[in-house]
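Visitor: Found this in TrEMBL, in case it helps:
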{"type": "BINDING", "residues": "122-126, HIS185, ARG229, 280-284, 309-314", "note": "ATP binding site"}
{"type": "DOMAIN", "residues": "6-91", "note": "domain 'Phosphagen kinase N-terminal'"}
{"type": "DOMAIN", "residues": "119-356", "note": "domain 'Phosphagen kinase C-terminal'"}
Amino acid sequence: MVDAAVLEKLEAGFAKLAASDSKSLLKKYLTKEVFDNLKTKKTPSFGSTLLDVIQSGLENHDSGVGIYAPDAEAYAVFADLFDPIIEDYHGGFKKTDKHPPKDWGDVDTLGNLDPAGEYIISTRVRCGRSMQGYPFNPCLTEAQYKEMEDKVSSTLSGLEAEPKGQFYLLTGMTKEVQQKLIDDHFLFKEGDRFLQAANACRFWPTGRGIYHNDAKTFLVWCNEEDHLRIISMQMGGDLGQVYRRLVTAVNDIEKRIPFSHDDRLGFLTFCPTNLGTTVRASVHIKVPKLAADKAKLEEVAGKYNLQVRGTRGEHTEAEGGVYDISNKRRMGLTEYDAVKEMNDGIAELIKLESSL
């Protein structure tokens, strides 16, 4: 049974959200009926409640989505809320739909989107992974954080060739190393207010770390938002090279660490927006002429299911006409298709920009 204090918080938070002008998917789909049906439920293994799922959105009415899964079971126990939000965000992925099996496709069919280097500043492809047998951030114990960090650092130190590099623990990190990682834009800071409210930053910085290769084109974040964020990136527009590096590394890591996967939802992550392929392929791109007509930019992006963000990611402005543009859909399509959507959309944007 959910205790009285939690129920009280839920009722108060729900009333405030209902009265707010929040545009979040949480507000859109958390009807009174759904709320009453879910407010006394708990996940069997970790005892996560509806409050654990929605507290970030209750505290931050400016959230776009507003919910997180405290553990993998939450997706099933609180399906009445997760399913419609997943369908809305992932472009019609219904509760009767099944995410396709993993397929990285033919990595050699992707190439350089901007060989002359006129538009694309940098290219990045990342994916998230959760380690089997562990809950997500809000339910992890301090001991589990340490255990996971050990597993990740010993696994990554076994990588060969290009992804070969070094693992840095956040705990006890020297000021010099910290500054170096900040300068390279590698170091993640303690979670933003959305993650803080979701209880994702407990025992900070225990169990957190960063790995990067010598060339600084491949990095892994350990226990930031997801257990693992695996990132491949480099300057310029050579998407093919960035994608191949990611695929090689993910396949290598997967041989050593089993990942949480669900037959219907694909790879499981803390935030429902990252489920499925978990792949986010993005470029920082200069399109000053299109930027002058934001509606046109958004229209083309929408046609290819792309998300347009400011230069520094979500909730930021574009600096000097530079946008962060990425694929939005992560479910109901393969990894290769997700990256191909971004590839085709960016090619179209470049064609348009050069014709203006």
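Just so it is clear, glycine is given a Cβ too, placed from its N, Cα and C backbone atoms.
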Visitor: For the binding-site residues ARG229, ARG309, which one has the sparsest Cβ surroundings, going by other Cβ atoms within 10 Å?
Guide: ARG309
Visitor: Of all the binding-site residues given, SER122, SER282, which residue's CB has the most CB neighbours within 10 A?
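Guide: The residue with the most neighbouring Cβ atoms within 10 Å is SER282.
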Visitor: Please list, for the domain 'Phosphagen kinase N-terminal' (6-91), how many residues fall into helix, strand and coil according to DSSP.
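Guide: In the domain 'Phosphagen kinase N-terminal' (6-91), the DSSP-based counts are 51 helix, 2 strand, 33 coil.
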Visitor: Which value does the mean pLDDT take for the domain 'Phosphagen kinase N-terminal' (6-91) in this predicted structure?
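Guide: For the domain 'Phosphagen kinase N-terminal' (6-91), the model's average pLDDT rounds to 96.
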Visitor: Validating a neighbour-count step here. Other CB atoms within 10 A of the CB of VAL125 (ATP binding site): how many?
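Guide: For VAL125 (ATP binding site), the 10 Å Cβ neighbour count is 27.
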